[in-house]
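Per TrEMBL, the features are:
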DOMAIN    12-189  domain 'DUF6535'
TRANSMEM  32-51  transmembrane segment
TRANSMEM  110-129  transmembrane segment
TRANSMEM  163-189  transmembrane segment
TRANSMEM  195-221  transmembrane segment
Amino acid sequence: EKMGPNARVFRTYIDRRAIHDKYMVEEAKDGVDVLLVSASLFSAVVTIFVAQTKQSLQADYTEMSADLLFEMIDLQRYIASGTSLNIVAPPSFNPSTPLFASTTSDWVNGLWYTSLALSLTTALVSVLVKQWLHHYMALPSGTPRERSLLRQFRFAGLQKWRVLIIIGLLPVLMHTALAISLVGLMIFFGTLRHHVAGIAGAITAVSYTAYVMTDILLLLFPQCPSRISRYVTFSTSCTVTWCSTP
């Protein structure tokens, strides 16, 4: 029978669909693997910076102890010299007063925490996408007709839930996290000595400018080997399509 469970049309469909799916899934998995590794390494680096700068949002008890020690030494000096203690300056801090971090510390920590959240989100979604793709390629045994219907059912689900668009948006999240972290890094450099901030800030600015230029160069020179712009262009077009779809 032409449309029986073992009909040739179903076997041909499975073979051709397998070639198409293999190319599609392998390309998607390669990009997701790169993003997963990059997001994991990036999150580890940002975590180190956050662990250091979060102390600026908390009370520095070491500095408080040093101030108290100096005050005790001054009191002993005044007592030994017979000077009135009324002229002793009050302490420069009050432990009961709430701590207010500087505006710079708020900005740096806020930007780096946001960057960390975006990179962790990228890593999490990348793991989920790998599971979705693995499930999509795993077909149970059965007749060619059953396998064809199941393959088409899963492919329709892949399109309905816009999995490829989600994969295309992952690089955008990663690029945004990198940009936000570099902005925080530039602000952090501003709190250092001027020559240190100038050198480090210049290197950071040049590095990110070169990173962004890889997108612009591909628009100007189609033979440019950059693949970053392909992700961004694909993501933008997919987003427009998604938003315009009723």
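In case you wondered, yes, glycine gets a Cβ from its N, Cα and C as well.
Predicted automatically and left uncurated, TrEMBL annotations should be read as such.
Sequence-distant contacts of the transmembrane segment (32-51), counting only residues of its own chain at least 6 positions beyond either end whose CB sits under 8 Å from a CB of the stretch, comprise 109, 112-113, 115-116, 119-120, 122-123, 126-127, 129-130, 133, 167, 170-171, 174, 177-178, 181, 185, 188. Outside the transmembrane segment (110-129), and at least 6 residues removed from its termini, the chain residues within Cβ reach (under 8 Å) are 28, 32, 35-36, 39-40, 42-43, 46-47, 49-50, 53, 163, 166-167, 170, 173-174, 176-178, 180-181, 183-184, 187. Mean model confidence for the domain 'DUF6535' (12-189) is a pLDDT of 83.
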